[in-house]
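In what follows, a single structure is set out as structure tokens and then discussed.
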Amino acid sequence: MTAETAFSAAPLPPVEQRIDVLIVGAGPVGLFAAFEAGVLGLSCVLVDVLDRPGGQCTELYPEKPIYDIPALVSCTAQELVDRLLAQCAPFGYPILCGRRAETVETIEGEHGRRFRVTTSVGDVFDCAAVLITAGNGAFAPQRVALPEAAALEGRHLHYAVRDTARFAGKHVVVAGGGDSALDWALALRKTAARVTLVHRREGFRAADASVAGMRAAVAAGEMDFQVGMIGRLDSAPDGTLTGIALRQREGETRLPCDELIALYGLVSEPGPIASWDVEMRAGRIVVETTAYETSRAGVFAAGDIALYPNKQKLILSGFHEVAMALRRAYRYANPDKTLVHTHTSNDTNLQSRLHAAAE
């Protein structure tokens, strides 16, 4: 199973839903948390600011080898994400990407305290607990640092590709030197009138296969590659993008450009989490270590964003943290029930569900 088959890549309209747990962050730790929620019978939704699940593993180093996941001798970061997506898929929990959790409001009702969480696209979740698995915080794209860029953002300047159809028949410039830049340049050459990849140097921080594919496409005349830095964005009187000025060793070169896709990578920022009334230190959330609960009861943190004595920033540590956090969250979601520990090997209902999904 790939990331593309485990969630909807198409933009989804805002939702309003009552659930047991909202998981903020769909990286490896958040994905395993979804599986654990399913094992415990908790309803949940995952939200992530990025346009696909996987967090840093998918966005920053998908080809990086990982050697310290139990029972896996080695796998790439993307392979780990794909396996985790396959593991939690039988429970059918929504993974809502391209939205950021903005506010967490406490609501008191006849059945006790719950939370009302809103997102950047207008989702509203009524939940018993919130589990923050946001890695190093919310990611934001590294923007084009030119004064004329802001007016073009969302119209002709893009930091992600959400709809390839909008580039049909256009002169497209893709700027960047990572996997995303090369992969999208290669993909769009079949749709756009012409694609030019721009990078500040000849070397790339991308998979060898992607680099080889790009160079082969350039050699075949299917796309162009230019070394240089974007120095200016040119617009028509009506505000449409017409071209870019490229600063090169030999001087300035102007490239025709209807749409610019800048894929310079991501920068980490705390985002709205800093205003959620949880104790933070150096950009991380302080938790206790019996259930990885924050200073705000019912709000938990796990993975790289969690801070406690002798904390190790390891994926496997995050797996343990969410397992413990969700068992405490179960109490908030089911105050009148006692969670009875059952080994998954003895849980016939769970086995039936997993086997049915595999068939």
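Placement of Cβ uses the backbone N, Cα and C atoms for every residue, glycine included.
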240-259, 340-359 - the range that Swiss-Prot marks as region 'Disordered': 340-359
Cβ-based isolation winner (fewest other Cβ atoms within 10 Å) among the binding-site residues ASP48, ASP304: ASP304
Cβ-Cβ neighbours of TYR61 (FAD binding site) (radius 10 Å): 16
Greatest C-beta neighbour count within 10 angstroms, which of the binding-site residues GLN56, SER345: GLN56
Helix-strand-coil residue split for the region 'Disordered' (340-359), DSSP-based: 14 helix, 0 strand, 6 coil
DSSP-derived structure type at TYR61 (FAD binding site), helix or strand or else coil: coil
Local Cβ density at ALA101 (FAD binding site) - other Cβ atoms counted within 10 Å: 26
